Amino acid sequence: MRHLLGCADLSATDANAILDLAEEMQQVQSRPVKKLPALRGRTIVNIFFEDSTRTRTSFEIAGKWLSADTINVSAKGSSVSKGESLRDTMLTLDAMGVDCFVIRHPSSGAAAQVASWVRAQVVNAGDGQHEHPTQALLDAYTMRKHFRSLGREGFAGKKIAIVGDLLHSRVVRSNVLLQNLLGGEVVLVAPPTLLPTGVENWGCQVTSDFDAVLPEADIVMMLRVQRERMAGGYFPTEREYTAGYGLTEERLRALKPGAGICHPGPMNRGVEISSAAADAANSLVLDQVASGVAVRMSVLYHLLGSDEGAMR
Amino acid sequence: MSLLINGARLADGTITDLYLKDGVLADPASAPAGVERFDAAGLLAIPGLVDLHTHLRQPGREDAETVDSGTDAAARGGFTCVHAMANTSPVTDTAEAAEYVHALGEREGHCQVQVVGAVTKGLAGEELAELGMMADSKAKVRVFSDDGKCVSDSLLMRRALTYVKAFDGMVAQHSQDPRLAGSTACCHESEWSGRLGLPGWPSQAESVIVARDVELAALTDSRVHVCHVSTAESVEIIRWAKKRGVKVTAEATPHHLLLDTPLVASYDTTFKVNPPLRTSEHVEAIREALADGTIDVVGTDHAPHARQDKDHPFDIALPGMLGLEQALAVVIEVMINTGRMDWPTLVQRMSSTPAALGQVPGQGRPLAIGEPANLVLVDPTARAAVDAAASKSRSRNNPYHGRDLPDPVVATYWRGRQTYSR
């Protein structure tokens, strides 16, 4: 594999290799000198056509800790506003000798299109409503650590509930694909208006009854409710949404003992997740952020650092 | 120009000679001994094809297409008449604009250019364009369409249908409920749109407008034409409406007859078209409807785009694909070669019926003595891989590039003049 465009492109071997190496990479995080020479002399451009703080910073730190030269390009709207096509923008940067593009774009498929145009390798850092593979990988990494902390190994038999705006979420698509590879059991929970067409064929359970799922879930992953969706008539009011699909204090108490709480952020406290749940002892939200750097180091290393790497 | 074509087979199987003289078909027996001859043994001679749905992009986007290049592509595809859609810049919504395009066609066209006038001013969907003045102009506009946009206001659509009755005009509708298929919709709403994360375009966004429009056509006793039918639901409504006697006609594009949704999985914007490529079940319904006459004509929706307008992410790139040069090839492949349709029916769907709907004199006529010499010589067995670079169009958004298809057009004659020869 030359690029990481989505979890649809991964095999179980690829995914496990990335997660395993991420464990080693995470040790760098606790060192006083956080630097490995693995990608010295390699140039990574983080090109973000959409606002992002955590993903861009996470990729930048990952690249720097592997000694790559990382450059951030905030390209939001630029190719359109200046009249240049995405293709020309990317070919221009590619001509400068870039080794890898980490690309975030509001359009589905943009990373795949860029990969078909440029010589450099491409990592999809989120494309529209399509995929966000490194988010799913860091989620899986975080869950795996959590399960181990409870003395349990692997994903087999584990139930992962993903709750919220599934229709517009790239995180959910990548998570379902990855968990299907790793053996986890995904349950999708959303109001019927926020379910993607054809979701019944994704190989996971789908329901609108959050309360029925709560006592069974080993992980509850809450997705952000985008307030602009309300104007789209997807659900009547924020209050009604929270009543049906929010991880309220009451629902927090109904969780299975040891169940972990995830959220890819940014969180709307009081809407899809209560502060009590976000800050609970079993909240894995900050672990997800910390894991992000290690997982992205692993991904970059697999793509750029080794001719024999799992993804070559 | 005089030319004696020897031994051509007509659509009904008759072998005949055709004598092209001064723009009409003359009696072959009257051809002088030294006249130029063309041996057409093994070839079919059919009336020149007529397209009700072509985007020539001139005026305004001459980088994508011109009347010259677009009609050159049309001649390459066997067409002797195309209807130039109104969504140019400026929009063809006045008599002057219509006459300008008409004059361009007369001066630079490699086939006849019939002007389609806009239904509403600026295609804005708010006020009627100068329908009557366009009809009375030198362009003699008879087909009106806001194609690219739907006339979604029911009352305005009713008035447009009522108004054009005065000159037996026809409103050709781009059926797309603008709310149900939002402004970013670009993929048939299905498991594919869900997986690919592309905004869905449900088939019902088309059929609800088709249903409304046939009711309005019934109410007004006027002619409505459904552009580029893409869904099984629309087909069923049209079938039902025809049984009721409503004056509704419909067209199918070559691409909706051959291509389907999975092609979009590559995010190759060549395959972005509006309405989108549908699933194989819809494709099958379109083929069946074209065969049984529920869909009356093939309309190419030839939509050339400059590369810079396609080199964008899928949801942003402009929709549309080329169609004129491979239209006949596609219809032969999916309708003739599969035994669904015979040649006389193909002639109806691609020549005589569109000419009648567009009220174009001299087009879609039988190949008989005294008729205008508009015809195409066809090799029904030739095949070739489509090469987008070889296109006569200025644009390269050809969805058939690399595909092995029939390569039927040997020569095209318009007003007795050869406009294409292989």
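Backbone N, Cα and C atoms are what each Cβ position is placed from, and that goes for glycine too.
Where the annotation comes from TrEMBL, it is an automatic prediction and has not been curated.
Note that the coordinates shown come from a computational prediction; the quantities given were computed from them, not determined experimentally.
Annotation source TrEMBL lists domain 'Aspartate/ornithine carbamoyltransferase carbamoyl-P binding' at A:2-144. According to TrEMBL, the feature carbamoyl phosphate binding site maps to A:Arg54, A:Thr55, A:Arg104, A:His132, A:Gln135, A:Gly265, A:Pro266. The L-aspartate binding site annotation in TrEMBL covers A:Lys82, A:Arg170, A:Arg224. Summarising the annotation, TrEMBL assigns domain 'Aspartate/ornithine carbamoyltransferase Asp/Orn-binding' to A:157-303.
What TrEMBL annotates, mapped onto the structure for a quick look.
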residue	record	Cβ neighbours (10 Å)
A:Arg54	carbamoyl phosphate binding site	14
A:Thr55	carbamoyl phosphate binding site	23
A:Lys82	L-aspartate binding site	8
A:Arg104	carbamoyl phosphate binding site	25
A:His132	carbamoyl phosphate binding site	27
A:Gln135	carbamoyl phosphate binding site	25
A:Arg170	L-aspartate binding site	22
A:Arg224	L-aspartate binding site	20
A:Gly265	carbamoyl phosphate binding site	17
A:Pro266	carbamoyl phosphate binding site	9
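Taking DSSP states H, G and I as helix and E and B as strand, the domain 'Aspartate/ornithine carbamoyltransferase carbamoyl-P binding' (A:2-144) has 66 helix, 27 strand, 50 coil. Take the mean position of the Cβ atoms of A:Arg54, A:Thr55, A:Arg104, A:His132, A:Gln135, A:Gly265, A:Pro266, the recorded carbamoyl phosphate site; other residues of that chain with a Cβ within 8 Å of it are A:Ser52, A:Ser58, A:Ala125, A:Gly126, A:Pro264.
In the three-state DSSP assignment, the secondary structure recorded for A:Arg170 (L-aspartate binding site) is helix. Contact annotation for chain B: of the listed binding-site residues (A:Thr55, A:Arg104, A:His132, A:Arg170), A:Arg170 place their CB atoms under 8 A from a CB atom of that chain.
Proximity note: of the listed binding-site residues (A:Lys82, A:Arg170, A:Arg224), A:Arg224 have a CA within 10 Å of the CA of A:Gly265 (carbamoyl phosphate binding site), given in sequence order. The secondary structure of A:Gly265 (carbamoyl phosphate binding site), as reduced to three states from DSSP, is coil rather than helix or strand. Checking the binding-site residues (A:Lys82, A:Arg170, A:Arg224) against A:His132 (carbamoyl phosphate binding site) with a 10 Å Cα-Cα cut-off leaves A:Arg170.
Helix, strand and coil counts from DSSP across the domain 'Aspartate/ornithine carbamoyltransferase Asp/Orn-binding' (A:157-303) read 67 helix, 24 strand, 56 coil. On the backbone, the CA of A:Arg54 (carbamoyl phosphate binding site) and the CA of A:Arg224 (L-aspartate binding site) stand 15 Å apart.
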